[in-house]
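Undergrad: To start, I am sharing the structure in question, which I have written as structure tokens.
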There are 2 protein chains.
Amino acid sequence: MSSSTPKNNDPYKNKKQIAIIGSGAWASVIARIIARNVLILKRFHPIVKMFVYDEIINNKKLSDIINETHENVKYAPGYIFTKNLKAIPDLVECVKFADILVFVVPRQYVENTCKTIVGNVKPNAVAVSLTKGFEVRPGGSLWLISHIITKLLNIKCHVFMGANLAPEVAAEQKICRSTLGCTHKTWGKWLKEIFETDHLKINVVDDEDTVEACGALKNIVATAVGLMDGLAQKNHYKEATMRLGFIEMIKFVDIFYPGGKLSTFFESCGIEDLIVTSYGGRNSKCAKEMVVTGKKLAQIEEEMLKGQKLQGPDTASQVCTMLRAHKMTHKFPFFTKVHAVCNGDEPPDSLKEYVEKNMSKKTYVPVNLII
Amino acid sequence: MSSSTPKNNDPYKNKKQIAIIGSGAWASVIARIIARNVLILKRFHPIVKMFVYDEIINNKKLSDIINETHENVKYAPGYIFTKNLKAIPDLVECVKFADILVFVVPRQYVENTCKTIVGNVKPNAVAVSLTKGFEVRPGGSLWLISHIITKLLNIKCHVFMGANLAPEVAAEQKICRSTLGCTHKTWGKWLKEIFETDHLKINVVDDEDTVEACGALKNIVATAVGLMDGLAQKNHYKEATMRLGFIEMIKFVDIFYPGGKLSTFFESCGIEDLIVTSYGGRNSKCAKEMVVTGKKLAQIEEEMLKGQKLQGPDTASQVCTMLRAHKMTHKFPFFTKVHAVCNGDEPPDSLKEYVEKNMSKKTYVPVNLII
């Protein structure tokens, strides 16, 4: 197997190279799948590079450990990579020959990552973002992560979102589902090839922004479900909370991503991911723990997520910053309430009161979406 | 308090009289709510009649027991009616002065009930159906229960559907939700008054057929979720099953009830009822039991439902009879599969195979519904 640097005599020089940016739990699960898949896919270069932000573990660099043991001992212990997965501690080195950039970093690192690699990315490369969330830009506008990537790198960015839970995808004991948002038919086919396995079934839809918005917003709803669960184990109102949140997700896409499709909410990235995440994901688990223990979000993140930011509260915070800037918080009372509770501005009980008071609220009828 | 037969000197002669047709668990829960509500609602006659199909319990008629003890000792033990609820063992007697007929009988009894009372119903009366299901008519067409009532009695029939579980509505310890499908604005307001309580919040929507179809079809999906749960506790694929079922619900309404609204699926009678019923209702519980014990449906119905028919399998059977008659089973593989399993024609594993094979299926995009 040759090095992945293209040379004239390189038999793989026309093969598409893949770089995975990120080495956390989800990134490692996805890297493991992609590396295994390319071994039998002729279109792709057999070496898959994964950028590893180096940390020292037992006096050794994590990237060296991964390349020697083929295991991400810190974030995905127990799951062995095929040997064609190479951990690369240098970000530019990782991406410079890549035709496909798979972003799986927390959204807080996306901008700096792009700024680091800009100018070293192939002009025809495409990106796929698995990163969930939004980012408020100076001026108060809210950007989808894929839009940031496209803007900063000047390449097209597709998206890949649930319904699935990282540990379940990793375990490969049940079949999980994901939705690939991709407007380009050929790329949609190729990207599906690298992600799909017998245990991870992928559906390609062309409504990228809605797919991505669902992936981000559902974490706010799942957080709310966890808060409600913590407040009252028996009278949890989980389904009513899910419905109120789902309605606000639709309203949000209707207002901010006009032209999207209502039917995308019925894809696995929509209603199914919402249910999966609300019942089993870490947003709801951590949110429940916040209420049960009375601890603040930051402490829960420290204790349960090794200091990582919990996505739901972070997404709620970004969304609400934008809503405040545009005097639109009153249009999104659900998201606003979840943010207020996670931020410590209001007690969890106020969310319960809100849900109880609004649970028979009529659904929102979108005006800017098509079916 | 006067008798409910209108006389010239009757102070209640202009008050709207309510008759509840049915005295099972759900009928009793609803009767209890209505009887309590009318005591403080000026528009309605203070006597509420409930038709009780008499059975002998400890040498006494059930209707007599109810009228003496104000408790339906057989189907809703522990819940005391207000004294203005009168059990009436004669169906015609029960309905003949009623302005509002509340149908809460199993769908198998609706036709005979209508045939018994036709000619004895006030011409301006309205019906509200809480009965879930469809009925195949001679010729193979499938009728919503409300359409049967309207056709046979020549009165308007509105509908009242979940999300809720009868035991939870009865217990009044948490707030439950229901959707009232009613195209008539004034009646919508009045009917909401008789059903709503602090613990049962009601939303009125004008898309009656979709509301009713959701109420019926969600039981097929919940049955499937229960079957899947019984097959594999851990790898249950509940959310994927719900999504595939939900897609077929939308397709069904799109094809058979054109002009309905896609947004009705986001009301409490839609996605929320689907989740509530799939996770907690008796359709999923009994279906799971079928798989776990290997018993046939009829035996489960005998043991767990006192011989009542389980709604999900019955609805699937009615739907599939119609689909077969119109050579359309291939368009509804999910409903067809659930029916085949419940009917004993295929093993439960075949449903699991179907779900596994189709879980990444694209959503169905309706063409005849509006947003």
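Along the chain as shown, the residues are counted starting at 1.
Placement of Cβ uses the backbone N, Cα and C atoms for every residue, glycine included.
From TrEMBL, for reference:
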{"type": "ACT_SITE", "residues": "B:LYS218", "note": "active site, proton acceptor"}
{"type": "BINDING", "residues": "B:LYS132, B:ARG282, B:ASN283", "note": "substrate binding site"}
{"type": "BINDING", "residues": "B:ALA166, B:ARG282, B:LYS309, B:GLN311", "note": "NAD(+) binding site"}
{"type": "DOMAIN", "residues": "B:17-186", "note": "domain 'Glycerol-3-phosphate dehydrogenase NAD-dependent N-terminal'"}
{"type": "DOMAIN", "residues": "B:207-351", "note": "domain 'Glycerol-3-phosphate dehydrogenase NAD-dependent C-terminal'"}
Undergrad: Rounded to a whole angstrom, what is the C-alpha distance between the residue listed as 'active site, proton acceptor' and B:ASN283 (substrate binding site)?
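TA: Taking the Cα atoms only, the residue listed as 'active site, proton acceptor' lies 10 Å from B:ASN283 (substrate binding site).
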Undergrad: Using a 10 Å radius around its CB, how many other CB atoms surround B:LYS218 (active site, proton acceptor)?
TA: 33
Undergrad: Taking only the Cα atoms, work out how far B:ARG282 (substrate binding site) lies from B:GLN311 (NAD(+) binding site), in Å, as a whole number.
TA: 9
Undergrad: Across the record's NAD(+)-binding residues B:ALA166, B:ARG282, B:LYS309, B:GLN311, the largest CA-CA distance in angstrom?
TA: 16
Undergrad: Given B:ASN283 (substrate binding site) and B:GLN311 (NAD(+) binding site), what distance in Å do their CA atoms have, once rounded to a whole number?
TA: 7
Undergrad: Using C-alpha atoms only, work out the spacing between B:LYS309 (NAD(+) binding site) and B:LYS132 (substrate binding site) and round it to an integer in Å.
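TA: B:LYS309 (NAD(+) binding site) to B:LYS132 (substrate binding site), Cα-Cα distance: 12 Å.
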Undergrad: Give me the Cα-Cα distance between B:ALA166 (NAD(+) binding site) and B:LYS132 (substrate binding site), rounded to a whole Å.
TA: 13
Undergrad: B:LYS132 (substrate binding site) to B:GLN311 (NAD(+) binding site): how many Å between their Cα atoms?
TA: 7
Undergrad: Per the record, substrate is bound by B:LYS132, B:ARG282, B:ASN283: how many Å separate the farthest pair of Cα atoms?
TA: 14
Undergrad: Of all the binding-site residues given, B:LYS309, B:GLN311, which has the fewest Cβ neighbours within 10 Å once its own Cβ is left out?
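TA: Ranked by other Cβ atoms within 10 Å, the binding-site residues B:LYS309, B:GLN311 bottom out at B:LYS309.
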Undergrad: Beyond the listed site residues B:ALA166, B:ARG282, B:LYS309, B:GLN311, identify every same-chain residue whose Cβ lies within 8 Å of the center of their Cβ atoms for the NAD(+) site.
TA: B:ASN219, B:GLY281, B:ASN283, B:LEU305, B:GLN308, B:LEU310, B:GLY312
Undergrad: Relative to the Cβ position of B:ASN283 (substrate binding site), how many further Cβ atoms are located within 10 Å?
TA: 26
Undergrad: Counting every protein chain present, what is the number of Cβ atoms, excluding its own, within 10 Å of the Cβ of B:ARG282 (substrate binding site)?
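TA: The answer is 23.
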Undergrad: According to DSSP, which of helix, strand or coil covers B:LYS309 (NAD(+) binding site)?
TA: coil
Undergrad: What three-state secondary structure does DSSP assign to B:LYS132 (substrate binding site)?
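TA: Its secondary structure by DSSP: coil.
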